[in-house]
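What follows is a single structure, written as structure tokens, with notes after it.
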Amino acid sequence: MAAFVLLLGVICGVARGQLEVGFYSDSCPDAEDMVTAVVQDAAANDPTILPALLRLQFHDCFVKGCDASVLIRSESNDAEENNSKNQGLRGQDVVDAAKAQLEDQCPGVVSCADIITLAARDAVAMTGGPSFDVPTGRRDGLTSNLRDADVLPDAADSINVLRSSFAAAGLTDRDLVLLTAAHTVGTTACFFVKDRLYNYPLGGGNKTGSDPSIPAAFVAELKARCPPGDLNTRLPLDRGSESDFDDSILRNIRSGLAVIASDAALEKSNATRALVDAYLQGPAAAGSFRRDFAAAMVRMGSIGVITGEDAGEVRDVCSAFNTN
């Protein structure tokens, strides 16, 4: 698998806040290898779980920080995972499996929040993306509320809304471009494309149709895959390259072949469009894209982290808060 090792000491020092690379080297030295093995086993049975694990980390970190609150299951359906913006979220079972093994070997040591981060890192490498170190030492959060997840970016968001959402999370326009490029792997449901194809506002009044920014041939292709009323068929986010981590998603965005509106939105701002173009300027740019993507993943994984023994907890089971 084509990959490189990114040393955090080069890009941002060996620690971010109280997180540090190798946090479990003494308390649970096999922790990272155990998570990797669980992800490998899951991917062997279902390769589509890899992009799902990337999405899981994004959906956790953008809601009150990377604290595994998205994993909480509620009998009253009022936890984060019950928010409609988490529709179709997968990968929780992989985190649960890794947690069970870690509890057998190192009880009460490795947080669910760190397992999410490690699993997402492994998912990137296993799809051909960069291999990189992530700092660990997160604690698990003590709350998970349905309405908190309203802040998650949406597939229909405009570029202004997306830029504001990322800025509120402490991320830059570059991070927006790079983390959007995670769509180089994975699929989406026709549900998230239907409005671009059939309900896009056209001029005044109530006239609707297809988004005019989509090339006609691509509209026809998408409509063939997603006929009216079909909400569940899945189609690649990165046309022609949905299984491999590469810069094809950026090329598709630049060519008007973005599938969902939020990806296409990168072309609607001079700032983000210039960043997309810069990552497509020859072989050296491809290397920069991989390095910068890894750095963006580390930054996202550091949003609102809980650290230190006086805050949060290390859950016994990822889907439930500790009772003691």
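Cβ atoms here come from the backbone N, Cα and C positions, even for glycine.
Unlike curated entries, TrEMBL annotations are predicted automatically.
According to TrEMBL, the features are:
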type	residues	note
SIGNAL	1-17	signal peptide
DOMAIN	18-322	domain 'Plant heme peroxidase family profile'
DISULFID	CYS28-CYS106	disulfide bond
SITE	ARG55	site 'Transition state stabilizer'
ACT_SITE	HIS59	active site, proton acceptor
BINDING	ASP60, VAL63, GLY65, ASP67, SER69, GLU80	Ca(2+) 1 binding site
DISULFID	CYS61-CYS66	disulfide bond
DISULFID	CYS112-CYS318	disulfide bond
BINDING	PRO153	substrate binding site
BINDING	HIS183	heme b binding site
BINDING	THR184, ASP238, ASP246	Ca(2+) 2 binding site
DISULFID	CYS190-CYS226	disulfide bond
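Structure coloured by features recorded in TrEMBL.
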residue: ASP60; record: Ca(2+) 1 binding site; Cβ contacts under 8 Å, 6 or more apart: CYS66, ASP67, ALA68, SER69, VAL70, LEU71, ALA113, ILE116
residue: GLY65; record: Ca(2+) 1 binding site; Cβ contacts under 8 Å, 6 or more apart: GLY141, ILE303, GLY304, VAL305, ILE306
residue: CYS106; record: disulfide bond; Cβ contacts under 8 Å, 6 or more apart: TYR24, SER27, CYS28, ALA31
residue: CYS112; record: disulfide bond; Cβ contacts under 8 Å, 6 or more apart: ALA68, LEU71, VAL95, LYS99, ASP140, VAL314, ARG315, CYS318
residue: THR184; record: Ca(2+) 2 binding site; Cβ contacts under 8 Å, 6 or more apart: THR127, GLY129, LEU237, ASP238, SER241, ASP244, PHE245, ASP246, ASP247, SER248, ILE249
residue: CYS190; record: disulfide bond; Cβ contacts under 8 Å, 6 or more apart: ARG225, CYS226, ASP230, LEU231, ASN232, THR233, ARG234, LEU235
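Residues within less than 8 Å, Cβ to Cβ, of CYS61 (disulfide bond) and separated from it by at least 6 positions along the same chain comprise ALA169, MET300, GLY301, ILE303, GLY304. When the recorded positions ARG55, PRO153, HIS183 are compared by Cα distance to VAL63 (Ca(2+) 1 binding site), the shortest distance belongs to PRO153.
If you take the C-beta of HIS183 (heme b binding site) and look for same-chain residues 6 or more apart in sequence within under 8 angstroms, you find LEU237, ASP238, ILE249, ILE260, ASP263. Recorded residues GLU80 (Ca(2+) 1 binding site) and HIS59 (active site, proton acceptor) have their alpha carbons 9 Å apart, per Cα-Cα distance. Averaged across the domain 'Plant heme peroxidase family profile' (18-322), pLDDT for the predicted model comes to 96. Using a 10 Å Cβ-Cβ cutoff, the residue listed as 'substrate binding site' registers 20 neighbours. Less than 8 angstroms from the CB of ARG55 (site 'Transition state stabilizer') sit LEU89, ARG90, GLY91, ALA182, GLY186, each of them six or more residues away in the same chain. Those same-chain residues not listed among ASP60, VAL63, GLY65, ASP67, SER69, GLU80 yet with C-beta within 8 angstroms of the centroid of the Ca(2+) 1 site C-beta atoms are CYS61, PHE62, LYS64, CYS66, ALA68, VAL70, GLY141, SER144, ASP148, GLY304.
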